[in-house]
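K.L.:
Annotated transmembrane segment per TrEMBL: 23-43, 80-98, 110-129, 135-157, 169-192, 198-221, 283-307, 319-341, 348-368, 388-410, 422-445, 451-472, in sequence order. Feature annotation from TrEMBL assigns domain 'Major facilitator superfamily (MFS) profile' to 26-476.
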Amino acid sequence: MAGGFVSQTPGVRNYNYKLTPKVFVTCFIGAFGGLIFGYDLGISGGVTQMKPFLKKFFPDVRKKMQSAHQDEYCRFDSQLLTLFTSSLYLAALVSSLFASTITRLFGRKWSMFLGGFTFFVGSAFNGFAQNIAMLLVGRILLGFGVGFANQSVPVYLSEMAPPNLRGAFNNGFQVAIIFGIVVATIINYFTAQLEGNIGWRISLGLACVPAMMIMIGALILPDTPNSLIERGFTEEAKKMLQSIRGTNEVDEEFQDLVDASEESKQVKHPWKNIMLPRYRPQLIMTCFIPFFQQLTGINVITFYAPVLFQTLGFGSKASLLSAMVTGIIELLCTFVSVFTVDRFGRRVLFLQGGIQMLISQIAIGVMIGVKYGTVGTGSIGKSDANLIVALICIYVAGFAWSWGPLGWLVPSEISPLEIRSAAQAINVAVNMFFTFLVAQLFLTMLCHMKFGLFFFFAVFVFIMTIFIYLMLPETKNVPIEEMNRVWKAHWFWGRFIPDEVVGVSAAEMQQKSV
Ligand code: BGC
């Protein structure tokens, strides 16, 4: 039968280890990498609503917002303003490609450090911006920072974590992202009330705080055993493995890492090799998972929740407050994933979250459609508006324990060492490209597709849920260097994995797993 539904995940090993304070603290600090991404995601939407900011940099947009527009759907449509938000993601896309080489050759921690550093410089440009040029240079530097951090941090966490808790540890990255978003929305809420230019300057300038946290964090962090072996520091790698696993008996895991590294040495050009048929499952997943993650439509909420709430007739303060509430719900619900992802597995969360998002999106589309119709005039009563906010929260909760964290976890854990950095760079690049597209096009889409926009995203959520059901095998508890066995046992992907990679034929693997 189709589906890669295996009753027993192949490749599961029972390595010897304890949950040490060292691995816990290391991953905690490593996860800081998500803060810069989150802070930026959360800060831009609010800043672009601040009148002094608009007056200084985008006076035309401000005039348009002031004029009593007939069509509520189009009130905030401005390409220039959205370019401010989305330029960062193009920069992140480019830098993630360079980051993969640094991550591979110099280790994961130096990519993290560079990420923090460029983000730090970018925050200074933005906080002190005198003109649009400074603002854009700042955005691009911030983007470089995000690209480096997003390329290296998920891989770092997945490699450090003990295999059967990899999901929980890796989800720390998403927790940090959302924490960054929530802190940013809270800061915006207060700075929006300040007179003059100081408000937006504080909001943008404070990005230096998470930047410093990741810089300092990266300096004190050790590198992963996988990366140490990859770079020829075999002795150090063994000691590192012993200290993070809390036992000297790490021979089996260590040997698996060394074998993986030996195999990866045959591969000279990760970028060329990832195109080979034997890496087809990883290539397809690292392209489709980030694509689908963005096509859930989550960033419509992340970037534009305040705008969306204003479109629904909320006052500007109430809109910022509602955006804060959705952020806090997202944060809390991400912990559901942290605590269940290694027990129930990735597939269950993906499928449940997908169905929840689908139902709530359809309901939101129907409600907005009924109230505003296609003309975009009309108004929403208080109770209906509250119902829409509640539906948005249900949608956000579904994302928070599925596509949010898993969109970073799964791509970081499915690739063998020889293509891991390249695969993660593709993941970040695709993610950033579609983050850019959604950020850039949402307000225009809202203006033209009106409430149909929610159905547009719902169609994608439907497709992605089917995709996961059929194509994604379960990866919980499987050591990261044993992942080939999982692909080999899958009803569809098995044919791409050569027998010698896992030492058995696809038929045997599938027999073992059903
Ligand atoms: C996504 C972002 C999103 C964030 C918060 C992340 O996993 O990659 O695009 O803004 O979650 O929802």
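Cβ atoms here come from the backbone N, Cα and C positions, even for glycine.
Remember, it's a predicted structure, so these values are computed and weren't measured experimentally.
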K.L.:
For the transmembrane segment (422-445), I need the partner stretch with the highest count of C-beta pairs below 8 angstroms, choosing only from 23-43, 80-98, 110-129, 198-221, 283-307.
P.N.:
283-307
K.L.:
Cβ under 8 Å, sequence separation of at least 6 from the ends of the transmembrane segment (198-221): give me the contacting residues as numbers and ranges.
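P.N.:
Same-chain residues near the transmembrane segment (198-221) but 6 or more away: 26, 29-30, 32-33, 35-36, 38-40, 43, 46-47, 50, 52-53, 109-110, 112-113, 115-117, 119-120, 122-124, 126-129, 138, 142, 145, 149, 156, 180, 184, 187-188, 191-192.
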K.L.:
Cβ pairs under 8 Å only, please: of the recorded stretches 110-129, 135-157, 169-192, 319-341, which one is richest in them relative to the transmembrane segment (388-410)?
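P.N.:
Looking only at 110-129, 135-157, 169-192, 319-341, the most contacts with the transmembrane segment (388-410) come from 319-341.
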K.L.:
If you average the pLDDT over the domain 'Major facilitator superfamily (MFS) profile' (26-476), what number do you get?
P.N.:
89
K.L.:
Below 8 angstroms Cβ to Cβ, which residues of this chain, lying six or more residues outside the transmembrane segment (80-98), approach it?
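P.N.:
For the transmembrane segment (80-98), the far contacts come to 40, 44-45, 48, 54, 57-58, 60-61, 118, 135-136, 139-148, 150-151, 303, 424-425, 428-429, 432-433, 435-437, 439-443.
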K.L.:
Is the count of Cβ pairs under 8 Å between the transmembrane segment (283-307) and the transmembrane segment (451-472), pairs 6 or more apart in sequence, 3 or more?
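P.N.:
They do touch: at least three Cβ pairs between the two stretches lie under 8 Å.
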